[in-house]
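Data block below; observations after.
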């Protein structure tokens, strides 16, 4: 499957992601372009970008996704932290543009007590500012559905639709559906009926064309738990049935899908999880505008 891969380490340099991806049979690569647990990063040099782009070409130009820092909170009611988050997200977008990474996944943030409506307005204002300034060029901003822990925003399709609405439907905005988060948030896509209900609802509120990436993770916690705990494919509450429905939906055959399952000292866990997912795909599936489920 040309659209299946994993989050890959960049220890030793950003360009090392491609060698690791090849070793784990990834055809999609997700990375952090900087430390996800630090605000600042050493600026990319021309050599950094050239080496990364050369390695990308040598690897056959697989789809690339970046994930932003976990420190960023575009929904913060604190003006200082909000501006700091906007500045950090600006850097994330600029780094993607420099490297040629087509999509940046972000968690919509948390309202930290100000309320969901106020938090969403805050995220929308931040995104509007950056989009109006064309920060990141053509880099897509993919809003990730969250599990809904604490005051996290983005745990419902209504939240995600509202953010797109607040940005006047900007074409650079899309959605990343994380299977662990979706289940924890209360979306039950584990049966054919539940799957159709879930993605019909998504299509009505947001538009299926906005679904531009998947994070494929099983969940240690059950439906509606609001707890974000990833586990290996088939070993959690999503189960193989839920993943089989996604893997065989003709609408999603070209959408990048990346694992974020627990790592092991070697690459065996990613190899095993990818093999499990590939084994769920029926040979008859082909790209089509309509789902067969």
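Note that Cβ sites are derived from N, Cα and C of the backbone, with glycine treated the same way.
These numbers come from a predicted model, not from an experiment.
Checking the candidates 116, 244, 260, 264 against Swiss-Prot: the one annotated together with 144, 178, 215 at the Zn(2+) 2 site is 260.
For the Zn(2+) 1 site, Swiss-Prot gives 107, 144; the one candidate out of 56, 67 that the record lists there too is 67. For the Zn(2+) 3 site, Swiss-Prot records 228, 230, and the single candidate of 170, 181 listed with them is 181. Counting in whole angstrom, residue 178 (Zn(2+) 2 binding site) lies 10 from residue 230 (Zn(2+) 3 binding site) by their C-alpha atoms. Listed in sequence order, 68, 70, 72, 144, 146, 152, 154 are the same-chain residues at least 6 apart in sequence whose CB falls under 8 Å from the CB of residue 107 (Zn(2+) 1 binding site). Residue 215 (Zn(2+) 2 binding site) is 11 Å away from residue 67 (Zn(2+) 1 binding site) when you measure Cα to Cα.
Other than the site residues 181, 228, 230, same-chain residues with C-beta atoms no more than 8 angstroms from the centre of those residues' C-beta atoms, the Zn(2+) 3 site, are 146, 147, 178, 180, 184, 217, 219, 227, 229, 260.
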